[in-house]
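Participant: Reproduced below are the annotations present in Swiss-Prot:
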CARBOHYD  76  N-linked glycosylation site
CARBOHYD  100  N-linked glycosylation site
CARBOHYD  281  N-linked glycosylation site
CARBOHYD  321  N-linked glycosylation site
CARBOHYD  452  N-linked glycosylation site
SIGNAL    1-20  signal peptide
C-alpha cells in the first residue's frame with residue numbers, strides 16, 4: 001500500500017524531473033513539485049544544477065519559509081526550444097553545516113595618532129556608567145559639522161561626521177573592545193567605526209537617507225547611547241554597514257548597494273568596503289538568493305579582502321532596490337573552504353557527484369554519471385547501487401573548484417506526497433543514504449513569477 005507521504009534521509013538528493021512543457025529560448029520559469037525537508041540545525045540547504053542538465057538553474061540556498069514545498073527555477077539558456085518531457089531538469093540538493101560564529105561589526109579600534117586640530121562639533125557631553133564588565137556611555141553632541149560624501153546610489157544623501165568623547169577620568173581598562181549601539185536619536189544616523197586614541201573616543205558617524213522618500217536633512221544635535229563589553233568575536237568586521245551587511249546568528253545578510261534597473265546587456269556590480277578578520281580561521285561563502293530574472297554569481301569572501309558581487313539580468317526591467325537582499329554569507333573553517341584563489345568565473349554554477357576511490361596513483365574522485373540512463377516518465381525514488389550509505393562520496397562545485405566530502409555535509413530528511421504511480425524502490429534504513437534519485441514526472445506545478453519590483457522603502 002502506498003504511504004500517504006514518502007519519507008527518507010540522504011546526504012545528496014538528485015532530482016531528474018520531466019514534465020510536459022517546452023521552454024522557449026531564454027525562458028525562465030519557477031516550479032514546485034511537493035518536495036519538502038525537515039529544518040536542519042545550523043546548516044544551509046543548497047540547490048545546484050547538475051552538469052548533465054540541459055536546463056540551467058541557479059545555485060542558491062533554500063529559504064527556511066520554503067522548506068515545506070521547495071521552489072526551483074529553470075532557465076533555457078540555449079537558442080533552441082527545450083522539451084522538458086525529453087530532457088530532464090537535473091538538480092542536486094545538499095546541506096552545508098556552517099560555523100556558528102560570533103560577529104563583531106563595531107569593534108573599538110585602537111589607533112596611535114589622530115588630527116586633533118579641527119574639533120568636529122561645538123558641544124559634546126558624555127556620562128560614563130561602569131558596571132564592571134560593561135561600560136555604558138550616554139552622549140549628547142550639538143553643532144555637529146557634517147561633510148558631504150558621494151554615495152554609490154545617486155538618490156541618497158550621504159554625510160559623515162566625527163563625534164569626539166573625552167574619556168575624562170574613565171580608566172582605559174573600562175573602554176572594552178566591542179561596542180553595541182543602544183540608541184541614536186535620529187533614525188537615519190548610524191555609527192560606522194569607533195576609534196580610541198589616548199583619552200579620546202571617536203565615533204565615525206554616518207547620515208544616509210533616500211531624499212525621494214524623506215527630504216529631512218542631517219541633524220545638528222544627537223543623543224547616543226552605547227555599551228562596551230570585553231567580547232572576543234570569531235569574526236571582526238572593519239566597519240559597520242548595518243543597512244547593507246546585517247549580522248545574523250551564523251550568517252550575514254547582504255543587501256544591494258544601489259537601486260538597479262537591469263538591462264539584458266551590461267552586468268552590474270555591488271562592492272562593499274568592509275573587510276573581516278578571523279585570525280585565519282574562517283572563510284566567507286556568499287550564496288545568492290533566488291531573485292526572479294536576476295543571475296547573481298556565487299563567490300568566496302576571503303579574509304582581509306572586500307566583498308564584490310556581480311549580477312546580470314535574465315529578463316527585461318527587473319528591479320533591485322537599495323538594501324534589498326541579494327544573498328547571505330556563511331562562514332566555514334578554512335580546512336573545509338580554502339581561500340578562493342582558483343575560481344573560474346561563471347554565471348551558472350554547476351555541480352557533480354563523486355565517489356572517492358583508491359587508484360595506483362592515489363585517491364581519485366570518480367564522477368557518478370547518470371546522464372546516459374534514460375529517465376522514465378513514471379515517477380520513482382531510487383538509490384545508486386554502488387553509492388552505498390557507507391561509501392566515501394561528496395559533491396563538487398565546478399566554477400568554485402570546491403569539493404565537499406560527505407563528512408562535511410549534513411544529511412537531510414525529505415518528504416514527498418506521492419502520486420499513485422510513484423515507486424519507492426528501497427526501504428529507508430536507519431542510516432541516511434549517501435545519494436538518492438527522485439526522477440520522472442512527479443507532478444511539477446509551475447508558479448507565477450513576479451518581477452522584483454516592490455514599493456520603495458527606506459532601510
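Using the three backbone atoms N, Cα and C, a Cβ is placed for every residue, glycine included.
Give me the local environment of each listed feature.
Facilitator: Take the CB of residue 76 (N-linked glycosylation site) and look out to 10 A: across all protein chains shown you find 20 other CB atoms.
A simple way to gauge crowding: the CB of residue 100 (N-linked glycosylation site) has 12 other CB atoms within 10 angstroms, across all the protein chains here.
DSSP classifies residue 281 (N-linked glycosylation site) as coil under the three-state reduction.
Secondary structure at residue 321 (N-linked glycosylation site), as computed by DSSP, is coil. There are 20 other CB atoms within 10 A of the CB of residue 321 (N-linked glycosylation site), with all protein chains counted.
For the signal peptide (1-20), same-chain residues at least 6 beyond its ends with a Cβ under 8 Å from one of its own Cβ atoms are 31, 33, 35, 50, 72, 84-86, 88-94, 353, 370, 375, 377, 381, 393, 395, 406, 409-418, 420, 422, 424, 428, 432-442, 444.
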Participant: Compare the Cα of residue 100 (N-linked glycosylation site) against each of the glycosylation sites 76, 281, 321 and report the nearest.
Facilitator: 281
Participant: If H, G and I count as helix, E and B as strand, and all else as coil, what does DSSP give for residue 100 (N-linked glycosylation site)?
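Facilitator: It is coil.
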Participant: Taking the Cβ of residue 281 (N-linked glycosylation site) as centre, how many other Cβ atoms lie within 10 Å?
Facilitator: 15
Participant: Quick check for the class: what is the C-alpha distance, in angstrom and rounded, between residue 281 (N-linked glycosylation site) and residue 76 (N-linked glycosylation site)?
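Facilitator: So the alpha carbons of residue 281 (N-linked glycosylation site) and residue 76 (N-linked glycosylation site) sit roughly 40 Å from each other.
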Participant: Would you kindly give the Cα-Cα distance separating residue 321 (N-linked glycosylation site) and residue 76 (N-linked glycosylation site), rounded to the nearest Å?
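Facilitator: About 26 Å separates the two Cα atoms.
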